[in-house]
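> Okay, handing you the structure first.
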Amino acid sequence: IGNTVLHILVLQPNKTFACHMYSLILSYDRNKDGPGSLELIPNNEGLTPFKLAGVEGNTVMFQYLMQKRKQNLWSFGPLTTVLYDITEIDSWAEDQSFLELIVSTKKREARQILDLTPVKELVSLKWNMYGRPYFCFLALFYILYMVCFTMCCVYRPLKPRTGNRTSSRDNTVYVQKMLQESYVAYEDELRLVGELITVIGAVVILILEIPDILRVGAAKYFGQTILGGPFHIIVITYACMILVTMVMRLTSTAGEVVPMSFALVLGWCNVMYFARGFQMLGPFTIMIQKMIFGDLMRFCWLMAVVILGFASAFYIIFQTENPENLGQFYNYPMSLFTTFELFLTIIDGPANYDVDLPFMYSVVYFAFAIIAALLMLNLLIAMMGDTHWRVAHEQDELWRAQVVATTVMLERKLPRCLWPRSGICGREYGLGDRWYLRVEDRVDPNKHKMMRYTEAFKAQDRDNYDKGSEKLEINRDTLYKKELSALSLSRSTSRTSSHRGWEILRRNT
């Protein structure tokens, strides 16, 4: 019952009352220092009160609980060294990491905890010592891997076509070689080594991704932008396309260019995932994801309706015309593709001035240009501009969350020998088996005085604003003389709001 009450207090909107009641309940806990403490009992979701405060974004309760866990090591003047208990915060050897819970929650308030002590210091330590070097090495290794795969595709086994053309529009001159003909020369053996590296890389990608899908769940794993959800879909699809291409090569099945081209596009697009390791490029990947899966997905429904309608009209208009004079609409699939290019203004309006074009073509194309080029494309630009503005206001916060998610991912994937545990064991200071993070804090003795000055001058500005515009027309010289005379008389006579800040300043001096 006590543990349930603690979880309820974490969710209370009145944070001051919740902190006092939390302390009151823990004061009656008989096992507050043992393994049966109320603070260590998880709820049905596996969250202790401490983790629940982080998931809900309750910064007041989080700071209150951290103050209870800290140990003052020594103090010398304004410099203080504190040991913070990071047993539940550190993601090392944790099945349900506190850091991963914060970045995976949908509440923006939870990400503010990443800027609080000691979470900020812990993430900075992990990222600078291990996360950034390993992530940069992984990015370089992936780029070299993609270059190897690209070279294998560019020099894939082809042979001249021997069959006759079946149509005047048939432009094929090379065809795919059979399996027995693909690995004969020395160049083919070099390509075989690159193909084996590509296939092994695809298998490794699937081995690393599938356990995380089963652990977290497909909806959460692919749906969280900060965790790299869309990029996980891209890299898994890329690995599947590689395996499909391998099967088609081994069975000498024609058409391997389809999965191979998809794999090339997806593999190189996944390079953008590694932009999250840089503060300048990381927020832009989130902007691209939100634009594609937010604005562009909604816009595609409207675009599909417009393209289907006008492509059908163009095909009907040119159905009775000679396709050799204007071949952009010679069949229905080609009409759809040409209308799509016209919609995005990739090509100009097709016209052949040597022949007479149908009159309805000019009418339909005029309406299409107004709706597509002027109306809908500007609508898409406005939608993307709004998304860019919203994401730009929280780009630093999103980048910190990306860094945390990347750090946790690398810590789970890499062996323990390459990523030792961060912090100091409590046995060195007689604090048991818990792990602590040493943080040096510098306390400014004039901080509270400066806060008083700030509040005084804020009150002065508010009072001056309320007096109206007539006082703004007072001569500056006259006002300056009045202030000097008031200061020379007495402190007791200077009680107006314009002298409050100066009184506090003189008194403290």
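Each residue, glycine too, has its Cβ placed from N, Cα and C.
In TrEMBL, annotation is done automatically, which means it is predicted and not curated.
Below, the features straight out of TrEMBL:
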DOMAIN    135-394  domain 'Ion transport'
TRANSMEM  134-158  transmembrane segment
TRANSMEM  192-210  transmembrane segment
TRANSMEM  231-251  transmembrane segment
TRANSMEM  257-275  transmembrane segment
TRANSMEM  296-318  transmembrane segment
TRANSMEM  359-381  transmembrane segment
> Could you name the stretch, out of 134-158, 192-210, 231-251, 257-275, 359-381, with the greatest number of CB pairs under 8 A to the transmembrane segment (296-318)?
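The stretch I would name here is 359-381.
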> Top stretch among 134-158, 192-210, 359-381 for CB pairs under 8 A with the transmembrane segment (257-275)?
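The listed stretch sharing the most Cβ pairs with the transmembrane segment (257-275) is 134-158.
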> Decide whether the stretches the transmembrane segment (192-210) and the transmembrane segment (359-381) have at least 3 CB pairs under 8 angstroms, with pairs required to be 6 or more apart in sequence.
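No, the transmembrane segment (192-210) does not contact the transmembrane segment (359-381).
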> Pop the mean pLDDT for the domain 'Ion transport' (135-394) in here, whole number is fine.
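The answer is 83, the mean pLDDT of the model over that range.
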